Amino acid sequence: NKIMFWGVVLFCVLSVRGALAQDVGGLISKDIFERMLLHRNDANCNGKGFYTYDAFITAARSFGAFGTTGNTNTRKKEIAAFLAQTSLETTGGWPTAPDGPFSWGYCFKQERGTPPDYCVANQQWPCAPGKKYFGRGPIQISYNYNYGPAGKAIGVDLLRNPDAVANDPVVSFKTALWFWMTAQRPKPSAHYVITGKWRPTGADLSAGRVSGYGLITNIINGGIECGKGSNLNMENRIGFYKRYCQILGVNPGVNLDCAKQTPFGQ
């Protein structure tokens, strides 16, 4: 039956188009990615050539809900928020940097200087002999108790091979996305917050914790940056986010800072 055959073909085409529309790559092209992370391949960046668009898209597709949850604006905000928070963690910018400080995300792939081992006693995620768990990758994942579960989730033994986060760009992006998508009590996941699914409890409201980009800063680095009024790192996280939202053509929303939020667990 020709009518049935062409009906099936049309259905398949529409299904593929729908899947592509839901894909992260449908919202952030390579050109936009290059524009957002404009100076990441500068000669002064030790991450030069490491953080590629293809690695980002490949890693993102391993976390099916990332950048595909909610309407188009919500999905764009999640991509902007993820790249903004990770840009602050890896920035090589300074106040008078060419094209502005918020064009210098993803400059560094590992913690600078001579960092400590970041190894603490943990029966479930014991440190491997001679390995160090300092900050690596977009989220600057640190400590054995993060390397262990992140590695388990993505199928790589990061306790024995933490350097993979600084040597394999797909693994690197996957660790950051794992952190983004995974709730670590008492904190919700950043994904849950940016997609509007998180609802504050009475205790959260008493602590000033309200839904918005500022709460994600609280999740990532609240103990240092939140509940202390304005501070440079917190403001720079917002600067990256506003720039990326502008490039993606989406409103950044409200509650961008965590100046009056009590950190989780306090």
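Start at 1 and count along the chain as shown; that gives each residue its number.
Using N, Cα and C of the backbone, Cβ positions are placed for all residues, glycine too.
Just so you know, TrEMBL annotations never went through curation; they're auto-generated.
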Disulfide partner of Cys107 per TrEMBL, picked from Cys12, Cys45, Cys127, is Cys45
Please work out, from what TrEMBL records, which of Cys127, Cys258 forms the disulfide with Cys226.
Cys258
I'm trying to understand the geometry here, so how far is the Cα atom of Cys127 (disulfide bond) from the Cα atom of Glu89 (active site, proton donor), in Å to the nearest whole number?
24
Out of the disulfide-bonded residues Cys45, Cys119, Cys258, give me the one sitting nearest to Glu89 (active site, proton donor) by CA distance.
Cys45
If you count the other CB atoms within 10 A of the CB of Cys226 (disulfide bond), including all protein chains displayed, you should get 28
Could you state the CA-to-CA distance between Cys258 (disulfide bond) and Cys119 (disulfide bond) to the nearest Å?
29
